[in-house]
Amino acid sequence: MLDPNLLRNEPDAVAEKLARRGFKLDVDKLRALEERRKVLQVNTENLQAERNSRSKSIGQAKARGEDIEPLRLEVNKLGEELDAAKAELESLQAEIRDIALTIPNLPADDVPVGKDENDNVEVSRWGTPREFDFDVRDHVTLGEMHAGLDFAAAVKLTGSRFVVMKGQIARMHRALSQFMLDLHTEQHGYSENYVPYLVNHDTLYGTGQLPKFAGDLFHTRPLEEEADSSNYALIPTAEVPLTNLVRDEIIDEDALPIKMTAHTPCFRSEAGSYGRDTRGLIRMHQFDKVEMVQIVRPEESMDALEEMTGHAEKVLQLLGLPYRKIVLCTGDMGFGACKTYDLEVWIPAQNTYREISSCSNVWDFQARRMQARCRSKSDKKTRLVHTLNGSGLAVGRTLVAVMENYQQADGRIEVPEVLRPYMNGLEYIG
(Lines of atoms letter the chains of each structure in order from A and count residues from 1; the text may use other names and numbers.)
(Lines give C-alpha, C1' and ligand atoms only; values in the text may rest on other atoms or scores of the structure.)
Protein backbone atom coordinates (compact mmCIF):
# COMPACT_ATOMS: atom_id res chain seq x y z
CA MET A 1 0.00 0.00 0.00
CA LEU A 2 1.37 3.38 -0.98
CA ASP A 3 1.87 6.20 1.51
CA PRO A 4 -1.51 8.04 1.72
CA ASN A 5 0.34 11.34 2.20
CA LEU A 6 2.15 10.74 -1.10
CA LEU A 7 -1.15 10.07 -2.86
CA ARG A 8 -2.69 13.20 -1.34
CA ASN A 9 0.21 15.59 -1.82
CA GLU A 10 1.93 14.34 -4.99
CA PRO A 11 -0.72 12.54 -7.06
CA ASP A 12 0.73 13.63 -10.42
CA ALA A 13 4.22 12.34 -9.56
CA VAL A 14 2.70 9.06 -8.34
CA ALA A 15 0.63 8.77 -11.53
CA GLU A 16 3.72 9.30 -13.69
CA LYS A 17 5.61 6.49 -11.96
CA LEU A 18 2.63 4.15 -12.05
CA ALA A 19 2.23 4.85 -15.77
CA ARG A 20 5.64 3.20 -16.25
CA ARG A 21 3.98 0.02 -14.99
CA GLY A 22 1.05 0.43 -17.37
CA PHE A 23 -1.24 1.42 -14.48
CA LYS A 24 -3.50 4.44 -14.98
CA LEU A 25 -4.17 6.33 -11.77
CA ASP A 26 -7.38 8.36 -11.83
CA VAL A 27 -5.89 11.53 -10.35
CA ASP A 28 -9.05 13.59 -10.86
CA LYS A 29 -11.12 11.08 -8.92
CA LEU A 30 -8.57 10.95 -6.10
CA ARG A 31 -8.47 14.74 -5.89
CA ALA A 32 -12.27 14.95 -5.80
CA LEU A 33 -12.45 12.33 -3.05
CA GLU A 34 -9.73 14.09 -1.08
CA GLU A 35 -11.50 17.46 -1.35
CA ARG A 36 -14.72 15.83 -0.20
CA ARG A 37 -12.86 14.18 2.69
CA LYS A 38 -11.49 17.53 3.84
CA VAL A 39 -14.96 19.10 3.79
CA LEU A 40 -16.45 16.20 5.75
CA GLN A 41 -13.53 16.22 8.19
CA VAL A 42 -14.01 19.94 8.94
CA ASN A 43 -17.78 19.52 9.21
CA THR A 44 -17.39 16.60 11.62
CA GLU A 45 -14.91 18.50 13.78
CA ASN A 46 -17.16 21.58 13.85
CA LEU A 47 -20.20 19.52 14.84
CA GLN A 48 -18.16 17.81 17.56
CA ALA A 49 -16.98 21.17 18.92
CA GLU A 50 -20.50 22.62 18.81
CA ARG A 51 -21.97 19.60 20.55
CA ASN A 52 -19.31 19.76 23.27
CA SER A 53 -19.99 23.46 23.78
CA ARG A 54 -23.76 22.97 23.99
CA SER A 55 -23.31 20.08 26.41
CA LYS A 56 -21.36 22.35 28.75
CA SER A 57 -24.12 24.95 28.45
CA ILE A 58 -26.62 22.45 29.85
CA GLY A 59 -24.68 22.19 33.09
CA GLN A 60 -24.30 25.95 33.35
CA ALA A 61 -28.02 26.58 32.67
CA LYS A 62 -28.99 23.94 35.20
CA ALA A 63 -26.82 25.64 37.84
CA ARG A 64 -28.66 28.89 37.18
CA GLY A 65 -32.01 27.13 37.58
CA GLU A 66 -33.00 27.65 33.95
CA ASP A 67 -35.09 25.31 31.80
CA ILE A 68 -32.60 23.00 30.09
CA GLU A 69 -35.06 21.11 27.86
CA PRO A 70 -34.48 23.30 24.76
CA LEU A 71 -30.70 22.90 25.15
CA ARG A 72 -31.05 19.16 25.67
CA LEU A 73 -33.08 18.81 22.47
CA GLU A 74 -30.49 20.89 20.62
CA VAL A 75 -27.64 18.70 21.90
CA ASN A 76 -29.54 15.57 20.87
CA LYS A 77 -30.07 16.98 17.39
CA LEU A 78 -26.38 17.89 17.14
CA GLY A 79 -25.53 14.34 18.25
CA GLU A 80 -27.64 12.89 15.45
CA GLU A 81 -26.02 15.22 12.92
CA LEU A 82 -22.57 14.29 14.25
CA ASP A 83 -23.30 10.56 13.98
CA ALA A 84 -24.47 11.03 10.38
CA ALA A 85 -21.39 13.11 9.53
CA LYS A 86 -19.05 10.53 11.07
CA ALA A 87 -20.76 7.73 9.14
CA GLU A 88 -20.42 9.65 5.86
CA LEU A 89 -16.75 10.41 6.59
CA GLU A 90 -16.01 6.78 7.47
CA SER A 91 -17.75 5.61 4.29
CA LEU A 92 -15.67 7.99 2.18
CA GLN A 93 -12.45 6.98 3.94
CA ALA A 94 -13.30 3.33 3.27
CA GLU A 95 -13.81 4.14 -0.42
CA ILE A 96 -10.43 5.89 -0.57
CA ARG A 97 -8.79 2.94 1.20
CA ASP A 98 -10.40 0.45 -1.18
CA ILE A 99 -8.95 2.37 -4.11
CA ALA A 100 -5.53 2.54 -2.42
CA LEU A 101 -5.54 -1.24 -1.96
CA THR A 102 -5.76 -1.73 -5.73
CA ILE A 103 -2.81 0.54 -6.56
CA PRO A 104 0.50 -1.30 -7.17
CA ASN A 105 3.86 -0.30 -5.75
CA LEU A 106 5.98 2.37 -7.39
CA PRO A 107 8.89 1.02 -9.45
CA ALA A 108 12.42 1.85 -8.37
CA ASP A 109 14.13 4.44 -10.56
CA ASP A 110 16.64 1.94 -11.99
CA VAL A 111 14.00 -0.56 -13.16
CA PRO A 112 13.87 -0.71 -16.98
CA VAL A 113 10.63 0.67 -18.40
CA GLY A 114 8.71 -1.84 -20.50
CA LYS A 115 5.37 -3.42 -21.26
CA ASP A 116 5.85 -7.15 -20.64
CA GLU A 117 8.35 -10.02 -20.39
CA ASN A 118 9.74 -9.16 -23.83
CA ASP A 119 11.17 -5.96 -22.34
CA ASN A 120 12.98 -7.64 -19.43
CA VAL A 121 16.73 -7.14 -19.40
CA GLU A 122 19.28 -9.94 -19.05
CA VAL A 123 21.92 -9.12 -16.44
CA SER A 124 24.20 -12.16 -16.53
CA ARG A 125 24.55 -15.87 -17.31
CA TRP A 126 26.17 -18.68 -15.37
CA GLY A 127 27.22 -22.04 -16.78
CA THR A 128 27.07 -23.39 -20.30
CA PRO A 129 24.14 -25.51 -21.50
CA ARG A 130 25.22 -29.09 -22.07
CA GLU A 131 25.52 -30.36 -25.64
CA PHE A 132 23.86 -33.76 -25.90
CA ASP A 133 24.94 -36.42 -28.40
CA PHE A 134 21.57 -38.16 -28.17
CA ASP A 135 17.92 -37.17 -28.42
CA VAL A 136 16.96 -35.30 -25.27
CA ARG A 137 14.03 -36.67 -23.29
CA ASP A 138 11.81 -34.29 -21.36
CA HIS A 139 11.20 -34.76 -17.64
CA VAL A 140 7.78 -36.34 -18.20
CA THR A 141 9.27 -39.10 -20.36
CA LEU A 142 12.12 -39.60 -17.89
CA GLY A 143 9.72 -39.67 -14.96
CA GLU A 144 7.55 -42.29 -16.64
CA MET A 145 10.62 -44.38 -17.54
CA HIS A 146 11.48 -44.60 -13.86
CA ALA A 147 7.87 -44.89 -12.66
CA GLY A 148 8.45 -41.69 -10.71
CA LEU A 149 5.89 -39.24 -12.12
CA ASP A 150 2.28 -40.39 -12.27
CA PHE A 151 -0.01 -37.71 -13.66
CA ALA A 152 -2.86 -40.14 -14.39
CA ALA A 153 -3.05 -41.12 -10.72
CA ALA A 154 -3.21 -37.44 -9.74
CA VAL A 155 -6.08 -36.86 -12.18
CA LYS A 156 -7.95 -39.74 -10.54
CA LEU A 157 -7.28 -38.34 -7.07
CA THR A 158 -7.83 -34.66 -7.78
CA GLY A 159 -7.67 -33.38 -11.35
CA SER A 160 -5.30 -31.82 -13.86
CA ARG A 161 -2.15 -29.90 -12.89
CA PHE A 162 -1.36 -32.24 -10.01
CA VAL A 163 1.15 -35.10 -9.79
CA VAL A 164 1.94 -38.18 -7.73
CA MET A 165 5.70 -38.66 -7.29
CA LYS A 166 7.07 -42.07 -6.45
CA GLY A 167 10.28 -43.91 -5.65
CA GLN A 168 13.64 -42.28 -6.32
CA ILE A 169 12.07 -39.31 -8.11
CA ALA A 170 10.06 -38.51 -4.98
CA ARG A 171 13.22 -39.01 -2.96
CA MET A 172 15.16 -36.57 -5.14
CA HIS A 173 12.34 -34.04 -4.78
CA ARG A 174 12.67 -34.33 -0.99
CA ALA A 175 16.46 -34.19 -1.20
CA LEU A 176 16.31 -30.93 -3.14
CA SER A 177 14.18 -29.21 -0.51
CA GLN A 178 16.42 -30.46 2.30
CA PHE A 179 19.53 -29.32 0.46
CA MET A 180 18.05 -25.85 -0.09
CA LEU A 181 16.99 -25.47 3.54
CA ASP A 182 20.38 -26.61 4.82
CA LEU A 183 22.18 -24.17 2.52
CA HIS A 184 20.05 -21.19 3.53
CA THR A 185 20.12 -21.95 7.27
CA GLU A 186 23.74 -23.07 7.60
CA GLN A 187 25.47 -20.72 5.14
CA HIS A 188 23.13 -17.82 4.40
CA GLY A 189 21.90 -16.99 7.91
CA TYR A 190 18.18 -17.74 7.62
CA SER A 191 16.14 -19.23 10.44
CA GLU A 192 13.93 -22.17 9.48
CA ASN A 193 10.20 -21.92 10.09
CA TYR A 194 7.23 -24.26 9.86
CA VAL A 195 4.10 -22.26 9.05
CA PRO A 196 0.37 -22.89 8.50
CA TYR A 197 -0.66 -23.70 4.94
CA LEU A 198 -4.07 -22.09 5.58
CA VAL A 199 -4.22 -18.37 6.39
CA ASN A 200 -6.94 -15.85 7.16
CA HIS A 201 -7.94 -12.82 5.12
CA ASP A 202 -6.01 -10.33 7.28
CA THR A 203 -2.83 -12.21 6.44
CA LEU A 204 -3.59 -12.14 2.72
CA TYR A 205 -4.32 -8.41 2.88
CA GLY A 206 -1.01 -7.88 4.64
CA THR A 207 1.11 -9.20 1.79
CA GLY A 208 -1.13 -7.88 -0.99
CA GLN A 209 -2.92 -10.97 -2.31
CA LEU A 210 -6.25 -9.44 -1.29
CA PRO A 211 -8.34 -7.81 -2.47
CA LYS A 212 -6.89 -7.72 -5.98
CA PHE A 213 -5.93 -11.38 -6.50
CA ALA A 214 -8.69 -13.30 -4.75
CA GLY A 215 -9.30 -15.27 -7.95
CA ASP A 216 -5.77 -16.68 -7.90
CA LEU A 217 -6.31 -18.37 -4.52
CA PHE A 218 -7.91 -21.60 -3.36
CA HIS A 219 -10.47 -20.66 -0.70
CA THR A 220 -12.03 -22.91 1.93
CA ARG A 221 -15.66 -22.71 2.98
CA PRO A 222 -17.87 -24.74 5.32
CA LEU A 223 -19.92 -27.55 3.79
CA GLU A 224 -22.98 -26.33 5.67
CA GLU A 225 -24.05 -22.85 6.68
CA GLU A 226 -24.23 -23.96 10.31
CA ALA A 227 -20.63 -25.14 10.26
CA ASP A 228 -17.61 -23.12 11.33
CA SER A 229 -17.81 -19.91 9.33
CA SER A 230 -14.04 -19.38 9.27
CA ASN A 231 -12.90 -18.44 5.78
CA TYR A 232 -9.34 -19.41 4.99
CA ALA A 233 -7.24 -19.69 1.85
CA LEU A 234 -4.39 -22.03 0.99
CA ILE A 235 -1.10 -20.17 0.78
CA PRO A 236 0.14 -19.30 -2.73
CA THR A 237 3.65 -18.97 -1.30
CA ALA A 238 5.33 -19.12 2.12
CA GLU A 239 6.02 -15.40 1.68
CA VAL A 240 2.49 -14.84 2.98
CA PRO A 241 2.76 -16.42 6.46
CA LEU A 242 6.46 -15.65 6.91
CA THR A 243 6.14 -11.93 6.20
CA ASN A 244 3.01 -11.62 8.34
CA LEU A 245 4.92 -12.87 11.38
CA VAL A 246 5.95 -9.23 11.88
CA ARG A 247 2.45 -7.82 11.36
CA ASP A 248 1.49 -5.29 14.07
CA GLU A 249 4.97 -5.63 15.59
CA ILE A 250 7.52 -2.98 16.57
CA ILE A 251 11.01 -4.44 16.19
CA ASP A 252 14.19 -3.03 17.69
CA GLU A 253 16.39 -1.94 14.80
CA ASP A 254 19.29 -3.81 16.39
CA ALA A 255 17.35 -7.04 15.73
CA LEU A 256 17.33 -6.38 11.98
CA PRO A 257 17.75 -7.91 9.51
CA ILE A 258 15.39 -10.80 10.22
CA LYS A 259 15.98 -13.59 7.70
CA MET A 260 13.46 -16.44 7.53
CA THR A 261 13.01 -19.49 5.33
CA ALA A 262 10.41 -22.22 5.02
CA HIS A 263 9.66 -25.21 2.82
CA THR A 264 5.96 -25.43 2.01
CA PRO A 265 3.58 -26.55 -0.66
CA CYS A 266 2.11 -23.63 -2.60
CA PHE A 267 -1.39 -23.58 -4.06
CA ARG A 268 -2.41 -21.47 -7.05
CA SER A 269 -5.47 -21.55 -9.26
CA GLU A 270 -3.37 -20.46 -12.27
CA ALA A 271 -6.26 -18.31 -13.45
CA GLY A 272 -5.49 -16.92 -16.87
CA SER A 273 -2.96 -19.64 -17.77
CA TYR A 274 -5.38 -21.94 -19.59
CA GLY A 275 -3.54 -23.92 -22.25
CA ARG A 276 -0.05 -22.92 -21.05
CA ASP A 277 2.47 -25.55 -19.90
CA THR A 278 -0.15 -28.29 -19.78
CA ARG A 279 2.51 -31.04 -19.87
CA GLY A 280 4.62 -31.83 -16.86
CA LEU A 281 5.63 -30.06 -13.67
CA ILE A 282 6.24 -26.52 -14.90
CA ARG A 283 2.81 -25.09 -14.03
CA MET A 284 0.94 -26.86 -11.23
CA HIS A 285 -1.92 -26.09 -8.87
CA GLN A 286 0.21 -27.52 -6.04
CA PHE A 287 3.99 -27.27 -5.96
CA ASP A 288 6.71 -27.09 -3.32
CA LYS A 289 8.98 -24.13 -2.79
CA VAL A 290 11.67 -23.06 -0.37
CA GLU A 291 11.00 -19.40 0.33
CA MET A 292 13.31 -16.70 1.67
CA VAL A 293 12.01 -13.58 3.44
CA GLN A 294 13.99 -10.68 4.86
CA ILE A 295 12.78 -7.86 7.13
CA VAL A 296 15.30 -5.01 6.97
CA ARG A 297 16.00 -1.36 7.68
CA PRO A 298 14.74 0.84 4.82
CA GLU A 299 18.20 2.04 3.83
CA GLU A 300 19.45 -1.55 3.49
CA SER A 301 16.73 -3.09 1.33
CA MET A 302 18.38 -2.69 -2.08
CA ASP A 303 21.59 -4.31 -0.83
CA ALA A 304 19.45 -7.05 0.72
CA LEU A 305 17.84 -7.71 -2.68
CA GLU A 306 21.25 -8.29 -4.24
CA GLU A 307 22.21 -10.58 -1.36
CA MET A 308 18.99 -12.60 -1.50
CA THR A 309 19.24 -13.07 -5.25
CA GLY A 310 22.78 -14.31 -4.72
CA HIS A 311 21.49 -16.86 -2.22
CA ALA A 312 19.09 -18.25 -4.83
CA GLU A 313 21.88 -18.27 -7.42
CA LYS A 314 24.08 -20.29 -5.07
CA VAL A 315 21.56 -23.15 -5.10
CA LEU A 316 21.74 -23.34 -8.89
CA GLN A 317 25.52 -23.06 -8.91
CA LEU A 318 26.01 -25.89 -6.42
CA LEU A 319 23.63 -28.04 -8.46
CA GLY A 320 25.61 -27.20 -11.60
CA LEU A 321 22.54 -25.90 -13.46
CA PRO A 322 23.06 -23.23 -16.14
CA TYR A 323 20.90 -20.15 -15.60
CA ARG A 324 20.51 -16.52 -16.46
CA LYS A 325 19.63 -13.54 -14.28
CA ILE A 326 16.95 -11.13 -15.49
CA VAL A 327 15.81 -7.78 -14.12
CA LEU A 328 12.10 -7.42 -14.74
CA CYS A 329 10.80 -4.36 -16.54
CA THR A 330 8.14 -2.15 -14.99
CA GLY A 331 5.29 -3.85 -16.85
CA ASP A 332 6.23 -7.39 -15.81
CA MET A 333 6.81 -6.86 -12.08
CA GLY A 334 4.48 -8.25 -9.45
CA PHE A 335 1.88 -6.03 -7.79
CA GLY A 336 3.87 -5.26 -4.64
CA ALA A 337 7.42 -5.20 -6.01
CA CYS A 338 9.54 -2.12 -6.58
CA LYS A 339 12.32 -4.19 -8.17
CA THR A 340 12.55 -7.86 -9.09
CA TYR A 341 15.21 -10.24 -10.34
CA ASP A 342 14.18 -13.50 -11.98
CA LEU A 343 16.50 -16.47 -12.30
CA GLU A 344 15.79 -18.68 -15.30
CA VAL A 345 17.24 -22.18 -15.46
CA TRP A 346 18.14 -24.02 -18.68
CA ILE A 347 15.56 -26.66 -19.65
CA PRO A 348 17.14 -28.83 -22.40
CA ALA A 349 13.93 -30.38 -23.76
CA GLN A 350 12.46 -26.90 -24.30
CA ASN A 351 15.79 -25.50 -25.50
CA THR A 352 15.20 -22.39 -23.43
CA TYR A 353 15.50 -20.81 -19.99
CA ARG A 354 12.48 -20.96 -17.64
CA GLU A 355 11.84 -19.05 -14.43
CA ILE A 356 12.88 -20.90 -11.30
CA SER A 357 13.24 -18.03 -8.81
CA SER A 358 11.87 -14.55 -8.37
CA CYS A 359 13.43 -12.20 -5.79
CA SER A 360 11.73 -8.89 -4.99
CA ASN A 361 12.21 -5.80 -2.88
CA VAL A 362 8.79 -4.59 -1.76
CA TRP A 363 10.00 -1.47 0.09
CA ASP A 364 7.42 -0.47 2.74
CA PHE A 365 4.43 -1.51 0.59
CA GLN A 366 3.57 -4.60 2.65
CA ALA A 367 4.80 -3.12 5.93
CA ARG A 368 2.28 -0.27 5.67
CA ARG A 369 -0.57 -2.76 5.23
CA MET A 370 0.75 -4.86 8.12
CA GLN A 371 1.84 -1.94 10.33
CA ALA A 372 5.23 -3.61 10.73
CA ARG A 373 7.64 -1.11 12.21
CA CYS A 374 11.09 -0.82 13.73
CA ARG A 375 12.28 1.42 16.57
CA SER A 376 15.59 3.23 16.77
CA LYS A 377 17.47 2.94 20.06
CA SER A 378 18.81 6.48 19.79
CA ASP A 379 15.61 8.51 19.45
CA LYS A 380 12.93 5.83 20.09
CA LYS A 381 11.12 6.86 16.90
CA THR A 382 9.39 4.20 14.84
CA ARG A 383 9.31 3.77 11.07
CA LEU A 384 8.07 1.14 8.66
CA VAL A 385 10.41 -1.73 7.85
CA HIS A 386 11.16 -2.90 4.32
CA THR A 387 10.30 -6.47 3.29
CA LEU A 388 11.81 -8.73 0.66
CA ASN A 389 10.92 -12.18 -0.60
CA GLY A 390 12.47 -14.69 -2.95
CA SER A 391 12.28 -18.28 -4.13
CA GLY A 392 15.20 -20.33 -3.04
CA LEU A 393 14.04 -22.32 -5.12
CA ALA A 394 10.85 -23.71 -6.64
CA VAL A 395 11.46 -27.39 -5.88
CA GLY A 396 9.43 -28.94 -8.70
CA ARG A 397 11.04 -26.84 -11.40
CA THR A 398 14.46 -27.56 -9.92
CA LEU A 399 13.64 -31.27 -10.15
CA VAL A 400 12.73 -30.76 -13.82
CA ALA A 401 16.05 -29.02 -14.45
CA VAL A 402 18.08 -31.71 -12.67
CA MET A 403 16.30 -34.58 -14.44
CA GLU A 404 16.76 -33.08 -17.89
CA ASN A 405 20.27 -31.64 -17.50
CA TYR A 406 21.65 -34.77 -15.81
CA GLN A 407 20.00 -37.38 -18.06
CA GLN A 408 22.12 -40.06 -19.71
CA ALA A 409 21.79 -41.67 -23.15
CA ASP A 410 20.27 -44.81 -21.61
CA GLY A 411 17.68 -42.79 -19.68
CA ARG A 412 19.40 -42.92 -16.31
CA ILE A 413 19.57 -39.68 -14.31
CA GLU A 414 22.83 -38.78 -12.61
CA VAL A 415 22.37 -37.50 -9.08
CA PRO A 416 24.24 -34.18 -8.55
CA GLU A 417 27.04 -34.59 -6.02
CA VAL A 418 25.52 -32.15 -3.52
CA LEU A 419 22.34 -34.26 -3.38
CA ARG A 420 24.02 -37.64 -2.85
CA PRO A 421 24.35 -37.28 0.94
CA TYR A 422 20.55 -36.83 1.04
CA MET A 423 20.01 -39.94 -1.09
CA ASN A 424 22.21 -42.41 0.78
CA GLY A 425 25.07 -41.98 -1.69
CA LEU A 426 22.98 -42.86 -4.75
CA GLU A 427 24.80 -41.86 -7.96
CA TYR A 428 22.19 -42.66 -10.60
CA ILE A 429 18.45 -43.09 -10.77
CA GLY A 430 17.76 -46.07 -13.00
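Every residue, even glycine, has its Cβ placed from backbone N, Cα and C.
Here is what Swiss-Prot records for this protein:
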| type | residues | note |
| --- | --- | --- |
| BINDING | T237, A238, E239, E291, S391 | L-serine binding site |
| BINDING | R268, S269, E270, E355, I356, S357, S358 | ATP binding site |
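Sequence-ordered, the extra residues of this chain that approach the L-serine site, with Cβ no more than 8 Å from the Cβ center of T237, A238, E239, E291, S391, are V240, L242, A262, T264, C266, K289, V290, M292, V293, N389, G390. Note on the binding-site residues T237, S269, S357, S391: the fewest other CB atoms within 10 A surround the CB of S269.
The C-beta environment of R268 (ATP binding site), restricted to residues of the same chain at least 6 apart in sequence and closer than 8 Å, consists of D216, L217, F218, P236, H285.
When the CA atoms are compared, the binding-site residues lying within 10 A of S358 (ATP binding site) are S391, out of the candidates T237, A238, S391. Considering only the binding-site residues S269, E270, E355, S357, E291 (L-serine binding site) has S357 as its nearest partner by CA-CA distance. Across the fold, the C-alpha of A238 (L-serine binding site) and the C-alpha of E270 (ATP binding site) stand 17 Å from each other. Here S391 (L-serine binding site) is positioned 10 angstrom away from E355 (ATP binding site), judged by their C-alpha atoms. The Cβ of I356 (ATP binding site) has L316, Y323, L343, E344, V345, S391, L393, A394, R397, T398, A401 as same-chain neighbours under 8 Å, each 6 or more residues away in sequence.
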